[in-house]
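Chemist: Shown below is the structure under consideration.
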Amino acid sequence: AACGGTLRGPEGTFSSPNYPSPYPPNALCVWHIEVAPGLGIQLRVEAFSVEGTASCLFDRLELYEEPSADGSTGAPARGGMARFCGHQLPPVLTSSRHVMTVLFVADEGVADDGFFATYQARNATEKTCSPAEFSCGNGECRALESMCDGWHDCPDGTDELNCTGVSYPAFESVCEPLEVEMCLGLSYNTTSFPNIWLAIPDQAGAAEVLQDYQTLMELACYQHLRPLICSLFVPKCTPDGGVLQPCRAVCLSAEQRCQQSLGLLGILWPINCNILPDSRDPVECFQP
């Protein structure tokens, strides 16, 4: 089914092919949305049901805020991109520029009902949150239950300001032997769960998610690819019971060297390296 194209005007709608019927396999749709210069684009996904995996590696909806002439982006998500799959509605996103690209990808496997989305031209600085959300200092919307929960959910930390009289439950982390078969024989042999970054409750859950990465881990494009993937899903446990995420530089090296191989398979690099610790210190992040 035909899909994609350029959408112009102050408002509009678009959807996955065949919506509300299931989308076809092997779909690739690219929409370029343009509104008047000086305005932003508020994108609202009204219905959403797309095959879900932990990394959205197979079927997915991706939103890109296109760079300005000087190369900078005002991003709808970290790194200029937001990627969604599963059945939970994505948040309402407002770009800071008048152009946005939306990409929908489906592989040859399981199909779902797809999505239906609307967009409106808005003041670029106007970010409207729903009644069940609050606005971070930079205008991003977060769920109300994220306020004063002990974690910085807003990039600027405003969700944890002025939290008086709040007590947080103790977070106890204990090292446990690494048992995930795909990750045995690495430079570390203990881990700790739950994996709070990827919302994986235990090693059995991590082993199930890692099945989606079997093809990636078998590529010979980067010698430390298996340790990198494993340290994301089954992180190294430190002597004090904490865990280490992989270092950003390791992730970026893997992305650079593996993009061509993945491209031949029709797969995008699945990890947003920019959210990982920007350090080369093995005390702060994991180095294979």
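Note: Cβ is positioned from N, Cα and C throughout, glycine not excepted.
What TrEMBL records for this protein is below:
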DOMAIN    3-122  domain 'CUB'
DISULFID  Cys129-Cys141  disulfide bond
DISULFID  Cys136-Cys154  disulfide bond
DISULFID  Cys148-Cys163  disulfide bond
DOMAIN    170-288  domain 'FZ'
Chemist: Of Cys136, Cys148, the disulfide-bonded residues given in the record, which has the fewest other CB atoms within 10 A of its CB?
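Modeler: Lowest Cβ count within 10 Å among the disulfide-bonded residues (Cys136, Cys148) is Cys148.
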Chemist: Per DSSP, what is the residue tally for the domain 'FZ' (170-288) in helix, strand and coil?
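Modeler: The breakdown for the domain 'FZ' (170-288) reads 47 helix, 12 strand, 60 coil.
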Chemist: Quick one: Cα separation, Cys154 (disulfide bond) versus Cys141 (disulfide bond), in Å?
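Modeler: Just about 8 Å between their Cα atoms.
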Chemist: Tally every other Cβ atom lying within 10 Å of the Cβ atom of Cys141 (disulfide bond).
Modeler: 18
Chemist: Cys136 (disulfide bond) to Cys148 (disulfide bond): how many Å between their Cα atoms?
Modeler: 13
Chemist: Could you give the number of helix, strand and coil residues in the domain 'CUB' (3-122) as assigned by DSSP?
Modeler: 3 helix, 57 strand, 60 coil
Chemist: What's the number of neighbouring CB atoms sitting within 10 A of the CB on Cys154 (disulfide bond)?
Modeler: 20
